[in-house]
């Protein structure tokens, strides 16, 4: 058998082979830079994704959902709708709260979006109610970056109002000052206030009204500038006792005189220190608490930030009263640490397996040491580049490095194997290194750039998924590029110094046995290849069959978006009858908490009741269930959810919706389940007609579970139907009626108490303890034009009606969100298709539109772009290979290996019961870059044999296949073993890593078996095609 002639120049490696000291120092510099970079990199669960979302919250205590919509939400929406770069605007108007969520284009800087939002709020100020307690407040919201830590502050002795004040002025501020902390938000609604509860009978007996009391309080408590005196010799600042600070001072306030005797506020009202909003509450386990959610600054190291918070907690606790306790309810870094540690372990295991497979093939310790140095050097050097690119150590970048283990060793293996071949033939190590490195240099460059070309389309994905995987793709590309540099510099230099004929020929019993085994395998392969080359059309039919099979598998495989992770935290929504009060809901919440805390997997529970920026109505409650670490519980999160829902089903009058929290969260609003589908109309009446019909259909679908809707139109309303004629005769306006009702039942904030540390409100309301329900309306009194007191019942009738508990808009039109989960035996793709089919059967009118939201919308977008992404990767690789080979034909031969990888990956996913999700698709794209390596190594040597030895194409490709069989097998097994730890992972975050490993292992196994035989056949086929084309052109030229 003829041997391919090596190059004698050494190519780009010559300088580094001849200067070992310089090469060594260069590699040491790369190593040190990587170590320094590793220590400087922040740690997070996923790459930093700037999601330009701003939330505008406006509180108007006492306002109904209808009033909030028309008076607050609509004016703001009209202004926001004129902003450039706005992608979507959604709003939720409920009792006393308006929440508008503005989602901007990913390309718009968040600072610019903030400026536009502030300008829009300023423009809408004159259109908002004049008695709005506070202007709209906006805040940056990043759904992809949830709180890193949740703390609960409880006390066995202090009132919760004092605890809230202490937390707001002392604890939260201290935590906010920690480096890396971005925002600290409080839940629990126990801000201190002076509450004035009017006795309706007492003020009526004295001929007073609530408006009289409100005016008196407002005028008695002011805080304004008074000026100063500037005399000839001294200046004096003016001050006065215009502020009342305590409930006792308010009790003594004179609100009127009767028969010359003063009437004090304490005579007609109960004045006490209380909470600003008595319809808000938070609980930690079974204790009422103030809950703090801590979010990090963008780019901050989540691990060091959490450690700093924990280090400060003992110091903070010592400064608080002994009865106050600060408890860590949840800490995301616990799971992040575990996930990152598991991924780092899998990375080390991949390195160990790759080195083991190298030794198995080379059977030589010096030859094994060389790639054993090249692999960690390439990976560690990548950290230095990651620092300059502002990347982080996260699950995706570590996955990229784990996969890169199998990639980066390929280059070193190819170089070592080629150099070793020349040494075994009798060449001196230095000469062999020069010849072997020079001969293989173009192959290394081809392998490197064609593999990087596969990753290029990932960089141009414009959606949130593209932003997420940008770090993955660049990290992998950098590792591959450094690997190529190391393989062309350090590897041949070490081969020249460490390898020799004696070391390569030195064999033990294992070496001799394995050598014979490999010789038999190569001989068997040679015989099989000869038979395949004699029956090319049969082999070609097999190749075409794999292409057809890959298309069929792609169509029928279950499809998903992102693997459901077990992060140890469950979000829940508790739903009660629509007429439930705060007290009733709080009681139900405590019953549910008792049931949940009995589960052996639950560590702690946080719950919240009341209307605020995230909770839409009094009949719902938010829950956060913190599970024990994965190693301390028997079941994963999905089984725990099923068990908890079964247990809570026994609690009457409530529905519980649970979903595991995810590292990747795209939804901009609090949802009951993982996936959302919206129904939008031009009016609420249209929604009330079609939502029940669609819900009935969807609840019958086996592809969906936990189907629910935020459409709640059975909220009780006491409609005050005023006889306007009668009211007019008495000189009573509708504004007087509204003011009287607001004073009595709106928890009206009528004044502000200013202190050195904080500001507190004075709250006015009627004392309804003795007159609960609708009977309280009979106590309302108004003042007529002649000063008389008129009962509300004399000019109005009270009608009980139903109305929505909240009014939701999407881009200024009414909308309803239908939430759903997907059962274990179905995929998200099945659910989406079932919903779309059901929608068609309803024949919805043209004024009703439907759309998926959040993760489901992202799934549709990712699914639609996946095919184009793969096509782009193939085209990019064809262009690079065409440029490198200066040929239109050879790149097609190389790319013919791709269908085999697709078949293997899709079959492996189906056998493992995994969906074709974003992670698996990334694995398939990487396979495109890996499997073509086999063809490149074959074709490079075949072309060289034809060019330099004058061999026929059949002899050249046959010899190339036999010569490159061992490095092909080594590189494929190295890539396979690099992905194997990901496929077998079982720890925290394994759900994210496993699909990538499964797809890559399956694709590599199938492609390895098939491409060793199909590639030579296709090479010869295209060679004949090229000859036929040339002969045709030659004939045409002769005829011309």
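Quick reminder: no glycine exception, Cβ is built from N, Cα and C everywhere.
Here Swiss-Prot flags 16-36 (among others) as transmembrane segment, drawing on sequence analysis.
According to Swiss-Prot, the transmembrane segment annotation covers 347-367 (among others).
The transmembrane segment annotation in Swiss-Prot covers 369-389 (among others).
Among the features that Swiss-Prot reports, transmembrane segment is placed at 396-416 (among others), with the record citing sequence analysis.
If you look up Swiss-Prot, you'll see 440-460 (among others) marked as transmembrane segment.
Residues annotated as transmembrane segment in Swiss-Prot: 472-492 (among others).
The transmembrane segment annotation in Swiss-Prot covers 537-557 (among others).
Residues 446, 449-450, 453-458, 460-461, 463, 559, 829, 890-892, 894-895, 898, 921, 924-925, 928-929, 932, 936 of the same chain sit 6 or more residues outside the transmembrane segment (863-883) yet have a Cβ under 8 Å from a Cβ within it. Annotated transmembrane segment per Swiss-Prot: 863-883 (among others), in sequence order.
The transmembrane segment annotation in Swiss-Prot covers 888-908 (among others). If you look at the transmembrane segment (888-908), the same-chain residues 6 or more away from its ends with a CB under 8 A from one of its CBs are 450, 543, 546-547, 549-550, 553-554, 557, 874, 877-878, 881-882, 916, 920, 923-924, 927-928, 930-932, 934-936, 939, 943, 998-1007, 1010-1011, 1014-1015, 1018-1019, 1022-1023, 1025-1026.
The transmembrane segment feature in Swiss-Prot is assigned to 911-931 (among others).
Residues or ranges marked as transmembrane segment by Swiss-Prot on the basis of sequence analysis: 968-988 (among others). Sequence-remote contacts of a segment are chain residues at least 6 beyond its ends whose Cβ falls under 8 Å from one of its Cβ atoms, and for the transmembrane segment (968-988) they are 335, 338-339, 342, 345-347, 349-350, 353-354, 356-358, 361, 399, 402-407, 409-410, 413-414, 417, 566-568, 630, 923, 930, 933-934, 937-938, 994, 996-998, 1000-1001, 1004-1005, 1007-1008, 1012.
Here Swiss-Prot flags 998-1018 (among others) as transmembrane segment.
Sequence-distant residue pairs (6 or more apart) of the transmembrane segment (998-1018) and the transmembrane segment (16-36) include fewer than 3 whose Cβ atoms are under 8 Å, leaving the two stretches without contact. As a quick check, the transmembrane segment (369-389) and the transmembrane segment (537-557) miss the bar of 3 or more Cβ pairs under 8 A, pairs 6 or more apart, so the two do not touch. Same-chain neighbours of the transmembrane segment (396-416): 46-47, 340, 343-344, 346-347, 350-351, 354, 358, 362, 367, 370-371, 374-375, 378-379, 382, 386, 436-437, 440, 443-444, 447-448, 451, 468-469, 471-473, 475-476, 479-480, 482-484, 486-488, 491-492, 495, 926, 930, 933, 937, 967, 970-971, 974-979, 981-982, 992-993, 996, 1000, counting only residues six or more beyond its ends whose CB sits under 8 Å from a CB of the stretch.
Taking every listed stretch (440-460, 472-492, 537-557) in turn, the largest tally of C-beta pairs under 8 A with the transmembrane segment (16-36) is reached by 472-492.
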